[in-house]
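Below you'll find the structure, written out as structure tokens, and then a few comments.
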Amino acid sequence: MEKPNPRRPSNSVLPYETPRLRDHYLLGKKLGQGQFGTTYLCTEKSSSANYACKSIPKRKLVCREDYEDVWREIQIMHHLSEHPNVVRIKGTYEDSVFVHIVMEVCEGGELFDRIVSKGCFSEREAAKLIKTILGVVEACHSLGVMHRDLKPENFLFDSPSDDAKLKATDFGLSVFYKPGQYLYDVVGSPYYVAPEVLKKCYGPEIDVWSAGVILYILLSGVPPFWAETESGIFRQILQGKIDFKSDPWPTISEGAKDLIYKMLDRSPKKRISAHEALCHPWIVDEHAAPDKPLDPAVLSRLKQFSQMNKIKKMALRVIAERLSEEEIGGLKELFKMIDTDNSGTITFEELKAGLKRVGSELMESEIKSLMDAADIDNSGTIDYGEFLAATLHINKMEREENLVVAFSYFDKDGSGYITIDELQQACTEFGLCDTPLDDMIKEIDLDNDGKIDFSEFTAMMKKGDGVGRSRTMRNNLNFNIAEAFGVEDTSSTAKSDDSPK
């Protein structure tokens, strides 16, 4: 990597000047799209070696805290880069538009996807995987780093080979901490968040909880705390009992269940540490975890759970933009009140000022979470459709006449079915590139005829999934946009196309 110049330009993320990325790398295909940036394959000109380049648009960094978050992520990646199961950072670059993080490329796919594609899976394999994950957690904690967003999507295999290494890849929510220090901001992903995070007072023990949730899912195909809504999920996390009675748990070893119990203890003080978990007999003794394949139903559930339903997300946006004045209530006026420059979009500063005007005392990090959750297309602003989708009551969204409107949007030729070509067209319109359409169809296509009819579409829309791949929670127990502005549900069944003029 080029030696950085220690002079820091104004309005920059990095505390030093850097060479131009394109002087040293050729950018290739897009590998993935995240909440804050896009990852590309890149090739180093001097060596022809391939790397991954995460490019973060600076327009999405709307406050000084965002700049500090990116710089902290880079520092933490350097801090952990010698660990064999952490993606190694190669270098950082910055120009007037982007911050680029060049790192080791992982071409073996996500944790759950690899398991599903293998077609069989055993307790012993689960023990090896969770040992790797706990090893990363132990390393983080020993170096004074709290991850705060452990989930399967943040673990990739470095190659497609059978002996590929599992590597932690995303440290965007990670922070440095001191022993005995507590944090208070609500971050993470719904299924994996620890109860003390929801109570807004927590320490590094939250990472062990998240790893325990991953282990439960590895062995059963479903999360331990489940509900139709995110607020329901959080209630289960705070109060629910762990289910070890349903299939496949009667066939799972007592050692596995004992470790999960200890990792999912609601008391952080009683919860097992990462080091103690690594010393648990189920992990240490290679014969304690049986090598026989788990029930195939586990893999089936795992596949369903690991796929975010993008069609549902698009459909909610379509419905939100077609509701009537009466059904929308005062939301149009609220949008116009927040959008002070009448640009048709809400920026972070406008959202913050709007919340202040209605007497909200949310912290800046919480407002940023609201912004991220509502920004469906990752543009860095909230347009009118996104605002409605974030603030309207779900009962309005699920009314049949609104579902008909949404279905018709996808069913371009009016055949009564959504085909893969029509889905491709919709994805293009929504800017969802490189989306596995076959998997999206199969997820909803109950009769396996290769297309989606209205009854299948309706079942999908009314099914609670709660799966979120964003770095923040869409609706948590403490706040969402609707609650922040005091928006209440009103009853109406009319519909029409409307937008603020």
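Backbone N, Cα and C atoms are what each Cβ position is placed from, and that goes for glycine too.
Note that the structure is predicted; figures quoted are calculated from it, not measured.
Between the listed ranges 103-133, 165-195, 289-319, 382-412, Swiss-Prot ties the annotation region 'Autoinhibitory domain' to 289-319. Among the recorded positions Asp149, Asp341, Thr345, the ones whose Cα sits within 10 Å of the Cα of Thr381 (Ca(2+) 2 binding site) are Thr345, in sequence order. Among the binding-site residues Ser343, Thr345, Glu350, Asp375, Glu386, the residue whose Cα lies closest in space to that of Asp149 (active site, proton acceptor) is Asp375.
Recorded residues Thr345 (Ca(2+) 1 binding site) and Ser379 (Ca(2+) 2 binding site) have their alpha carbons 10 Å apart, per Cα-Cα distance. In this structure the alpha carbons, written CA, of Asp375 (Ca(2+) 2 binding site) and Asp341 (Ca(2+) 1 binding site) are 19 Å apart. In the three-state DSSP scheme, Glu386 (Ca(2+) 2 binding site) is classed as helix. Those residues of the chain, other than Asp339, Asp341, Ser343, Thr345, Glu350, with a C-beta within 8 angstroms of the mean position of the Ca(2+) 1 site C-beta atoms are Ile338, Thr340, Asn342, Gly344, Ile346, Thr347, Thr381. Looking just at the region 'Autoinhibitory domain' (289-319), the mean pLDDT is 68.
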